[in-house]
Amino acid sequence: MNHSDTLSLSLELLQQPSVTPIDHTCQTIMADRLAKVGFHIEPMRFGDVDNLWARRGTEGPVFCFAGHTDVVPTGRLDAWNSDPFAPEIRDGKLYGRGSADMKTALAAMVVASERFVAKHPNHKGSIAFLITSDEEGPAVNGTVKVIETLEKRNEKITWCLVGEPSSTHKLGDIVKNGRRGSLNAVLKVQGKQGHVAYPHLARNPIHEASPALAELCQTVWDNGNEYFPATSFQISNIHAGTGATNVIPGALEVTFNFRYSTEVTAEQLKQRVHEILDKHGLQYEIVWNLSGLPFLTPVGELVNAAQTAILNVTGTETELSTSGGTSDGRFIAPTGAQVLELGVLNATIHQINEHVDVHDLDPLTDIYEQILENLLAQ
């Protein structure tokens, strides 16, 4: 079987067991290719995380491909039909951990850049790559640290295309032009432990907190807008008790998350939660963790360039969406960059037997190359 450039590079990347935060030479493989076509290569290691900043050109505007080489753990190896780090093609599908999320997109970015530079050696502005091995993990020493470094030296990204698997039913049918914010909390409600037969001598934190939790679940936080659905509140964990059937627990711990729109701020959500908990007279502590601000890229140069490229290559009228979880776009958008996520189908990401359609790889490369043409061709 004749492998295209994108498929060949995908296979090479997929053979690397780069479980987060280990890069396992993926960035070196990419950097070697990029260096040959004139990119200045700058590895940036923070803690146990490898990052790559590669740039061709010194002027603006700057078009940046962003993505991650790390993958999630494989899960039970005996549940896979083939070794997750020995990629296989079966029935037109490429199987391997990271095939959809997101090593095939990384390969497409590199090949698209090689082809574009060959046609336009004196292109406008700059092309850059921002690649990390810490997207699937804590995301503390990855993209956010690279962005901080670039900001300190006043290096600005104009347009950023993140290669996350955005497509749903066919390649390019969905691109993400924003993401909701994510706010987490751990709530600890204090009670008084006692015997279930003597409730008057105890305080049951489950009973005391239940009305407040019910109100939090029923609250309408906002109604969303044309770009974002309404803010969502979800309880993810509840723990209380000793395991015994005759002991009233002394404390309750609840973990919850907001996925929130641009109609409300994290501070407003915190304030309303405290008001509800205080109204119910709870004795509590709460620890907040803001893991991502919401961002939105309105229709403009980058969105137009992507929609035009997708239509030309696939014939698909793409839909803009802000659904799904967080991505590293949340660290790039606050710098003022236009950010868009565009990649392969996401149906099997993080799953056993993760795979992608082989016939999508070359069209994805063509889309990426056309976006470069639309923005940086002289």
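Cβ coordinates are placed from backbone N, Cα and C, and glycine is handled just like the others.
Here Swiss-Prot flags HIS68, ASP101, GLU164 as Zn(2+) 1 binding site, drawing on sequence analysis. DSSP gives HIS68 (Zn(2+) 1 binding site) a strand state. In the shown protein chains, 33 other C-beta atoms lie within 10 A of the C-beta of HIS68 (Zn(2+) 1 binding site).
Per Swiss-Prot, the feature active site maps to ASP70; the stated evidence is sequence analysis. Spatially close to ASP70 (active site) yet at least six residues away along the chain are SER18, VAL19, THR20, PRO21, ILE22, ASP23, THR132, SER133, ASP134, GLU135, GLU136, GLY137, judged by Cβ distances under 8 angstroms.
Under a cutoff of 8 A between CB atoms, and with a sequence separation of 6+ in the same chain, the neighbours of HIS350 (Zn(2+) 2 binding site) are VAL72, ASP101. What Swiss-Prot records for ASP101, GLU136, HIS350 is Zn(2+) 2 binding site, and it gives sequence analysis as the kind of evidence.
Secondary structure at GLU135 (active site, proton acceptor), taken from DSSP and collapsed to helix, strand or coil, is coil. Here Swiss-Prot flags GLU135 as active site, proton acceptor, drawing on sequence analysis.
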Statement: Around the Cβ of GLU136 (Zn(2+) 2 binding site), other Cβ atoms found within 10 Å total 22
Field: Residues satisfying Cβ distance under 8 Å from GLU164 (Zn(2+) 1 binding site), sequence separation of at least 6
entry: GLY67, ASP101, MET102, ALA105, LYS176, SER327, GLY329, GLU341, LEU342, GLY343, ASN346
Statement: What DSSP gives for ASP101 (Zn(2+) 1 binding site), in three states, is helix
- line: What DSSP gives for GLU164 (Zn(2+) 1 binding site), in three states, is coil
